[in-house]
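Notes for the one structure printed next.
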Amino acid sequence: MAHSHLPALGSEPQGFGSQLGAMQPPAKRARTEPGWCISPSQAAELQQYGPGFLKMLVTNNTAGILIGKGGSALKDLEASTGCLVRLSPANNFYPGSGQRVVCVAGKQEAVEAVLAAVVEATMEVERHQAAKESREPEDRVLAQIALPFSACGLVIGKGGVTQKEITEQTGITVKITPQGQNTVQNERLASLQGPSRGVALAATQVFRLVQADPNMAQLETPAEGSAAQAPQAQSNWSGRWEQRSDYSPAPPAVKPMGKGAMRMPAMSAPPASAGAGLQCQIFFEVSDMEAAHIIGKGGTFLQSVCQQTNAKVQLTKRGEQVPGTENRLVTVSGLMQNVHAAHAMVVERAASTPSRRP
């Protein structure tokens, strides 16, 4: 079995920008009132959380689902994950777009749960629209993550190798706005579009990669058109999350345990209070031999894990390999606390595969 990072191979290569597709602007032009997308007071609040930070763009409809009636859904999301989640007001959009801003701060696993919730809310908008139009919903969503300039190289990799690996593993292409076409100073957008499951997985990989950049703890908060503001116009307020002195990067890569290393880091179990009532999924890869040991004779071990944790554990069939590897994909889904318990049991079982014992 293998859990490891996608390679983060240093600074952004020269000349890559012209080869990447830009984010397509929304068809309907945004109405933007003067003010901040995320206010200075909200940025100050977010700065107290961490070590994980995430800034995404969402449509007004997606924001409505995340907030819920009277803010009930947002309160539940914060309570279940332990994250702080802040959205820009209904009339304040990310410069040059019709998208509202969602900013999240908290522990890594919890932020990833919020990210999954954002993707699911985006899919829920499509379901509502499909119902209105009396058609089947299309499993296709768009996720957009705002990145500091310095973090883009971590996502792209040397010669674009990291972007390519994300695409090979998830089927999703990560497009980053070319240099010079950004609408916020020192910030670019990573856009991921495709089936919801693949987008959630690819967006999680992007999030994990950029956490190694301390500038991810900085949040631009300008109003429409502020990218063109003179530097002195921002002198009274930096307009971003300030860098945290207690910042800790994403966990180090784990040494591969089998042939065909998995490119995602393992996720440690969250506090018992985190994720109560929140659905989530974990994906990782195992070799055929490890898969057989996980399943157990007649499926006994796998059934035992599901019964003990109430999580659902699925493995792709022999021969159904993850593209570019000889590994099979394991998917653990259910309530967050159940998923992490099942994940721990499966990882321990895989590590004890007879051929792997010293």
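Every residue, even glycine, has its Cβ placed from backbone N, Cα and C.
According to TrEMBL, the protein carries these features:
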COMPBIAS  229-238  compositional bias 'Polar residues'
DOMAIN    50-123  domain 'K Homology'
DOMAIN    139-211  domain 'K Homology'
DOMAIN    278-351  domain 'K Homology'
REGION    1-33  region 'Disordered'
REGION    221-252  region 'Disordered'
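Summarised by DSSP class, the composition of the domain 'K Homology' (278-351) is 37 helix, 20 strand, 17 coil. Taking DSSP states H, G and I as helix and E and B as strand, the domain 'K Homology' (50-123) has 37 helix, 18 strand, 19 coil. Per-residue pLDDT, averaged across the domain 'K Homology' (50-123), gives 92.
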